[in-house]
């Protein structure tokens, strides 16, 4: 780490050095010794040394003892000062150091605040749930902190990759590896942070509305695309391929608005393979590796096995994690289900209890109502009895008073009689009288008092009796009203029953009348149907025949249009440049002969049953298309044939069209429908078939048993051509750095780098094509040898040979064009044309390889991906070439101030003449290009004929 050169911490020795430091932190349970040495480093004087120190500190934080974080936090301010100092200086490594120190400070602050999550971020989902807690505000704040954490990681990675692109440093050079080495820890951190972010956002969306989290979703989408771009670029770098296995992110970010998307989320897992290779040479060996490794054409089987084992182990670990996650989700779901069931049971019990209470309340209410009614009745009865008792008592007292009064009256009468009878002693009588008068007065007074009381009681009783009489009268009236209403209801019911009986009698009579009318109507309808059906059948049959013939005429008209369109193409100037193979013409002619037989059979069926023209319509449709196809392909084949054969073939095509139109014309008319015969068409089609067989090319000069060796030779020659191209581009780049500078050097380096990337992509394409070719041979040869397989599939083999030659020739031509462009002896357009030619050649190689490949083959997918990569690199060459051309072109402006009017007129005429001249030259070169393309097609047609293949090139 003390080295200040642009050399990475040694790939082979770094684990030993870092392991010693990490083990030291575990032995002393802290980072005191590490910081005691680190404080002596001159970090303020060397940006490269500061960069390496940040790399080591990052690894110590991730893999060191748990107390390392506390020791590092004591030096947090020193780390911040180093970052601020380098951020103010215009130094490339200084900018990286500033970003790296900011990331390390963010990392230490985050893990100090959330001590449950270790600095290596290897925390389970349960730990993350426990850290987030149940308070939604804490979850929201934790999500923002994880976003900031991820932003720091991605800013550092993007800056490193951007500096690599601008300084033309690649991952195989030490200067590039020095910058790329810390990104291994960045990749490990980002994979965990991405998983944390997805989990936290799903939890937030389960508790908060979607509009509130719109900003979180947009920020996550930006981070997702940046992380995916970073992983893809790192995966393509050779430096990372042997040090780390980078996971692949999904094509689109998770849909947080749909909770079920959480089940589709897979945690990205980073795998660090074990290093079993021996140590490399000493630190002084700083020679750069070649730009492209081309020593081995195919990957050794041992490395493939190791990669497969690593993938299997990674998949097993992912499977175990997914199983554990599934068990946890199942347990949690079961727990939720149990809780919900218990809640449901408790709610049901409460509901039953409420229902019972309601029922009891209703019963009690009814009992209370009944008791109240009974009490009221008892009170009324008691009051009536008490009143009646009082009345009886008063009545008895009144009777007693009347009896006593009568007794007193009798006594008075007796006394009077005694006085009249005994008038003997007046004094005694007077005294007796006085006594009797006195007694009478006293008795009268007592009787008057009793009478007054009796009157008062009688009045009171009368009032009570009147009230009772009123109540009895109202009850009597109500009873009478009730009896009256019952009598009226009875009368109404009697009337209703009589009306029902009357209605039933009327309904039965109406039903009988309806049935009789129905029978009469049915008889009349059957008679009418019998009379009308015969006429309708005749009309429908005639209409069906007319519709079938009209449909036949419409189909014939459409068939005539198709054949006339095919004949019109024979005289079309654009059709002159169309070509076809004799084999394809033969297949079309044979299909047309088969369709003629179907037309003849359909014609006979139609004449037998003119109510069904379906068979003839289908046969005519097929015949018209096949006949037009035969005419067009016959003319296209004639363009590549000798003059004699071409004239005869064209004449027969026209004759075929004439006879077909005549036959269709006969079918279209009812007068000539019976005698229409396609025999003349069959004769002309047979002539076209015979001419196509005569035009078949002869076999190749190469022997069948030599094709297998020729394929291997051409593939080896292509690989050698690519290796030579890489070597020459490397030489040209070194020479350009010596001879040029400034803008020209920048343009040349950009063009040569794009050419190097294109050669690299072509080499990967050739390797993928070779692997797919071996898979095709092994899967299709069976018990035969490889040479026998190539001989049995000679045309496919010839296509592979031609494509391989085209790829090798294109690579050679690109190197020549690039050399001329760098030396300023060639044109930029030549390099652009070479790029297009290479893209076309690789497409031809892919097409030739796909002919016999299995659609589900993984190697076919690899080949297609390599082909797309070649197209992208070719586009980059074109773009860099055009950009360089624009940068180097000098726009000169003429000075017209010293010219006279005549010279200005002359310049104006020359300026007007030059566009016309360039237009004429453009047309001339376009015609030459068309002739060259036509000649190339003729040569390819007679050398590499492929069955059922045709193409048409329009300019």
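Quick reminder: no glycine exception, Cβ is built from N, Cα and C everywhere.
TrEMBL assigns the feature region 'Disordered' to residues 483-524, out of the candidate ranges 483-524, 525-566, 567-608. Across the compositional bias 'Basic and acidic residues' (512-524), the DSSP tally of helix, strand and coil residues reads 13 helix, 0 strand, 0 coil. Per-residue pLDDT, averaged along the domain 'I/LWEQ' (699-940), amounts to 71 for this model. As a summary of secondary structure, the compositional bias 'Low complexity' (500-511) carries 12 helix, 0 strand, 0 coil according to DSSP.
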